[in-house]
Amino acid sequence: MRFWSLFLLVVLLAVGGQLPAASGRKKGERAGACPPEDGPCVISVPDQCQEDSQCPSTMKCCFQACFRHCVPRILVKRGGCPEDQLQCLSPTEHLCNKDSDCSGKKRCCHTSCGRECRDPARG
């Protein structure tokens with residue numbers, strides 16, 4: 001009986017170590033998100049980081065334009081953005097860049113014409 005208890009414990013520990021974190025983040029990945037990409041690739045330079053642990057504690061390793069580098073992480077609000085069913089006829093400038101630009105529970109969402117603050121999708 002003692003053998004099977006020990007065996008079961010070892011199996012559970014082995015399997016548990018293979019599961020992703022409860023938050024859905026990879027091991028070593030910091031909370032928060034990367035800011036939206038800031039434009040096209042103009043000049044390619046070597047990556048400055050490969051993962052969040054290589055950045056100061058308030059930053060994340062993010063891909064921006066051509067390479068990965070440490071940038072300030074941004075707050076991500078709960079809920080997803082609603083699906084945009086419209087086709088843009090006249091693109092507008094972005095009304096937000098990140099969730100913290102939006103009031104209350106609203107999220108900064110990509111739409112067919114740009115980014116704007118919207119209530120999160122239900123479901």
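Residue numbers in this text run from 1 along the chain shown.
Backbone N, Cα and C atoms are what each Cβ position is placed from, and that goes for glycine too.
Same-chain residues at least 6 positions away in sequence with a Cβ under 8 Å from that of Cys62 (disulfide bond) are, in sequence order, Cys34, Pro35, Arg68, His69, Cys70, Val71. According to Swiss-Prot, the disulfide bond annotation covers Cys34-Cys62 (among others).
Within the same chain, residues at least 6 positions away in sequence whose Cβ sits under 8 Å from that of Cys41 (disulfide bond) are Ala65, Cys66. In the three-state DSSP assignment, the secondary structure recorded for Cys41 (disulfide bond) is coil. Summarising the annotation, Swiss-Prot assigns disulfide bond to Cys41-Cys66 (among others) and lists sequence analysis as the type of evidence.
As annotated by Swiss-Prot, disulfide bond applies to Cys49-Cys61 (among others), with the evidence given as sequence analysis. The Cβ of Cys49 (disulfide bond) has 17 neighbouring Cβ atoms from other residues within 10 Å, across all protein chains displayed. For the recorded site, Cys49 (disulfide bond), the DSSP three-state label reads coil.
For Cys70 (disulfide bond), the count of additional Cβ atoms within 10 Å of its Cβ stands at 16 [all protein chains shown]. DSSP gives Cys70 (disulfide bond) a strand state. The disulfide bond annotation in Swiss-Prot covers Cys55-Cys70 (among others) and is backed by sequence analysis.
Per Swiss-Prot, disulfide bond is recorded for Cys81-Cys109 (among others). Using a 10 Å radius centred on the Cβ of Cys81 (disulfide bond) and all shown protein chains, the other Cβ atoms total 18.
Listed in sequence order, Leu86, Cys88, Ser90, Pro91, Thr92 are the same-chain residues at least 6 apart in sequence whose CB falls under 8 Å from the CB of Cys113 (disulfide bond). What Swiss-Prot lists as disulfide bond is Cys88-Cys113 (among others), and the listing cites sequence analysis.
Its own atom aside, the Cβ of Cys108 (disulfide bond) has 22 Cβ atoms within 10 angstroms in the protein chains shown. In the three-state DSSP classification, Cys108 (disulfide bond) falls within a strand. Summarising the annotation, Swiss-Prot assigns disulfide bond to Cys96-Cys108 (among others).
Long-range C-beta contacts of Cys102 (disulfide bond), restricted to its own chain and to partners at least six residues apart, with a cutoff below 8 Å, comprise Lys77, Cys96, Cys108, Cys117. The annotation disulfide bond is assigned in Swiss-Prot to Cys102-Cys117 (among others) on the grounds of sequence analysis.
Per Swiss-Prot, the feature domain 'WAP 1' maps to 27-74.
DSSP places the residues of the domain 'WAP 2' (75-121) in helix, strand and coil in these numbers: 3 helix, 8 strand, 36 coil. Sequence annotations record features per position, and here Swiss-Prot assigns domain 'WAP 2' to 75-121.
Residues or ranges marked as signal peptide in Swiss-Prot (evidence: sequence analysis): 1-24.
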*Using all protein chains in view, find how many other C-beta atoms are within 10 Å of the C-beta of Cys96 (disulfide bond).*
18
*Which disulfide-bonded residues sit within 10 Å of Cys49 (disulfide bond) - Cα, from Cys55, Cys81, Cys109*: Cys55
_Neighbourhood of Cys61 (disulfide bond) by C-beta distance under 8 A, where only residues 6 or more apart in the same chain count_ = Cys49, Gln50, Glu51, Asp52, Gln54, Cys55, Arg68, His69, Cys70
*Identify which of the disulfide-bonded residues Cys88, Cys109 has its Cβ surrounded by the largest number of other Cβ atoms within 10 Å, counting every protein chain shown.*
Cys109
*asked:* With every protein chain in view, what's the tally of Cβ atoms within 10 Å of the Cβ of Cys66 (disulfide bond), excluding that atom itself?
replied: 15
